[in-house]
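Q: Take this structure, written in structure tokens, and hold onto it; I'll ask about it next.
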Amino acid sequence: MGVSSGCAAASGGDGLKLELFRFLVQVVRGRWFMFFSSFLIMAAAGATYIFSIYSKDIKTSLGYDQSTLNTLSFFKDLGANVGILSGLINEVTPPWVVLSLGAAMNLFGYLMIYLAITGRTAPPPVWLMCLYICVGANSQTFANTGALVTCVKNFPDHRGIVLGLLKGFVGLSGAIITQLYYAIYFDDSKSLVLLVAWLPAAISIVFVHTIRIMSVAASPPGKTPRAFYYFLYISLALAAYLLVAIVVEKSAGNFSRSEYSASATVAILLLLLPLVVVVKQELNIFNRRKHELQNSAPIDITVQKPSPVTVPKISPTAAAEKETGGAVVRCVSEMFRPPERGEDYSILQALVSVDMLVLFFATICGVGGTLTAIDNMGQIGESLGYPKQSIGTFVSLISIWNYAGRVTSGFASEILLTKFKFPRPLMLTAVLLLSCVGHLLIAFGVPNSLYFASVVIGFCFGAQWPLLFAIISEIFGLKYYSTLYNFGGAASPLGSYLLNVRVAGHLYDVEARKQRTLAGGTGDDRDLTCVGVECYKMSFLIITAVTVVGAAVSLVLVWRTKEFYKGDIYAKFREQREAAEQEMAMGGFSFEGEHHDSERKKKAALAPAPAPAPEEESHRNGKPVN
């Protein structure tokens, strides 16, 4: 008796350990942990946002002038925004390949810069430094493509929320990395480049095998899983904490290393807090599946032998001639005959479509204008007479409100679309018009308005990205989303070059030369400094006009897609996921003739049983019937 009870207790303990092991495996391999892993990858993918912290070290260590440093900055922006290569690689390889390549590029590019500015290697020529920073910055597109695009494909019916959250963490990444840098290296800004080299690469490698395409259960129509809201609340708490920490650190002046370490520890704990939500979600899924397996109804399984198929014989020569002759014609003809909106476009079909061209132009106008304001915020504040501490506050406000714009547009556009069929392109139009308020405040130099202008500009810059990428995925499908996503991002450097370099930079220099001439001074153009409202007035009046044109053009997309957004654009994804959920509930096995649908089961129960075919073996509950 005692022996049997002891055996029962031992077997019960082993069963509990096995169940716990299965649950842990499910957590690590689940889509919610994959989403959490993407949070961490995105939170470390913002090295390009903190270039201003270590740019002075590059300038002094390598003896560069401001013009050369600006050239280096341009190649940084070019690498960070042109990710066509990562998109094409992701089309033919699993996400872990893209993330691994990105980690290697990040480590190589920034490590070579660190070795150069610390004198551990001979000073490289300017073109080689441009290559290093372009490669390092381009790794950001590999992280975005590998993690973010995969999350959109795993949560297609909540893509706006997914894009908003992940892009929000990218917006916060600069502040997060800065906190870690002060805690680890204190005030050694050269070592910040070393941190940027190893930290994002290490995170990508640690979580590389958790990022993959999955087929999982759908949520009910019109209902957003609570987990997304929990993630939002945690990210809001993290953003609020970072804002308070930045303000306190700037106000206090001299923080000790231990104080910076305590601040960074709190940031890390908030960053890891979503893991609690992940475990809770996976526990609910684990219990539900266990309940379904314990109470599952008997299933009829039929295995049918396939009938032989006769394939007509075609000579190799004739087949090759037919394939070669019609390939080009077929490619060109299909390029201009796209499928219905929402279906999977080919890359060429999407690139030549009117919808993509309209969206790309509107993005050049919108993102180009707000990015110009962000890049010049320091000089704008200086020209309008703001103190240096206030200029630092502007940068912090832009970073935090950049995050706020990303999560707000992601969540708000998803809710408005789901509940009220409010089209996402119309929300993009509203964001473009709102950004004009910030541009006009800068243009006219309203006293003390730059604080509000930085909030508006940061919010609108962040809000455009989730809307852009969600619209691309909805109109052109997800099959080639990796490439199309990166094509949309290419509008950023193009808009920045046109409006920042050719407009704002040129007109600033013209006004500065005019002021120097009136003052009777001479000197090198590299020392040009402009003071007053006129420095950026004409530039931002032009930017405002361009943004209004972009908003007007975006209305063309609103009109073209109004019928599309009135329908249920996520219906097909729910159907696919419901089938996948039932398949996973049965242990992942599927056979031809298996009845997944409950209605078909009812019909089969009411209909008379057919006589078995001679070439069939019928099984009832997994047992052969003779």
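Glycine residues also receive a Cβ, built from the backbone N, Cα and C atoms like all the rest.
In case it helps, TrEMBL gives these features for our protein:
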- 31-279: domain 'Nodulin-like' (DOMAIN)
- 32-54: transmembrane segment (TRANSMEM)
- 96-117: transmembrane segment (TRANSMEM)
- 162-186: transmembrane segment (TRANSMEM)
- 192-215: transmembrane segment (TRANSMEM)
- 227-248: transmembrane segment (TRANSMEM)
- 260-279: transmembrane segment (TRANSMEM)
- 347-374: transmembrane segment (TRANSMEM)
- 355-565: domain 'NFD4 C-terminal' (DOMAIN)
- 425-444: transmembrane segment (TRANSMEM)
- 450-472: transmembrane segment (TRANSMEM)
- 538-559: transmembrane segment (TRANSMEM)
- 587-626: region 'Disordered' (REGION)
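Help me picture these features in the structure, burial and contacts included.
A: Within the chain carrying the transmembrane segment (192-215), a Cβ under 8 angstroms from the stretch's Cβ atoms is held by residues 28-29, 31, 33-34, 37-38, 40-41, 44-45, 47, 50, 53-54, 57, 94-96, 99-100, 102-104, 106-107, 109-111, 113-114, 117, 136, 139, 143, 146-147, 150, 153-154, 177, 180-181, 184-185, 576-577, 580, 584, all 6 or more beyond its ends.
Outside the transmembrane segment (227-248) by six or more residues, the chain places 32, 35, 39, 158, 161, 165, 168-169, 172, 175-176, 179, 263, 266-267, 270-271, 273-274, 277-278, 280-281, 393, 396, 400, 403-404, 407, 411 with a CB less than 8 A from a CB of the stretch.
Counting same-chain residues at least six beyond the ends of the transmembrane segment (450-472), those with a Cβ under 8 angstroms from any Cβ of the stretch are 152, 159-160, 163-164, 167-168, 171, 350, 356, 359, 363, 366-367, 370-371, 373-374, 377, 380-381, 384, 386, 390, 393-394, 397-406, 408-410, 413, 424-425, 427-428, 431-432, 434-435, 437-439, 441-442, 481, 484-485, 488, 491, 557.
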Q: Could you give the residue numbers and ranges of same-chain residues that sit at least 6 residues beyond the transmembrane segment (96-117) on either side and whose C-beta is under 8 angstroms from one of its C-beta atoms?
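A: Those are 41, 47, 54, 57-58, 61-62, 86, 89-90, 123-124, 129, 132-143, 145-147, 190-191, 193-194, 196-198, 200-202, 204-205, 208-209, 211-212, in sequence order.
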Q: Thinking of Cβ pairs under 8 Å, which stretch from 32-54, 260-279, 347-374, 425-444, 538-559 has the most of them with the transmembrane segment (162-186)?
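A: If we count Cβ pairs closer than 8 Å to the transmembrane segment (162-186), 32-54 scores highest.
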Q: Give residue numbers and ranges for long-range contacts of the transmembrane segment (538-559): same chain, 6 or more residues beyond its ends, CB-CB under 8 A.
A: 355, 358-359, 361-366, 368-369, 372-373, 423, 425-426, 428-429, 432-433, 435-436, 439-440, 442-443, 471, 499, 503-504, 507-508
Q: Near the transmembrane segment (260-279), which same-chain residues lie under 8 Å Cβ to Cβ, leaving out any that are not at least 6 residues past its ends?
A: 27, 30, 32-33, 35-36, 39-40, 43, 176, 179-180, 182-184, 186, 227, 230-231, 234, 237-238, 241-242, 245, 249
Q: Which sequence positions outside the transmembrane segment (425-444), separated from its termini by at least 6 residues, show Cβ-Cβ distances below 8 Å to it?
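A: Hits for the transmembrane segment (425-444): 359, 362, 365-366, 369-370, 373, 380, 405, 409, 412-413, 416, 450, 452-454, 456-457, 459-461, 463-464, 467-468, 471, 533, 536-537, 539-541, 543-544, 547-548, 550-551, 554-555, 557-558, 561, 565.
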Q: Quick one: average pLDDT across the domain 'Nodulin-like' (31-279), no decimals.
A: 89
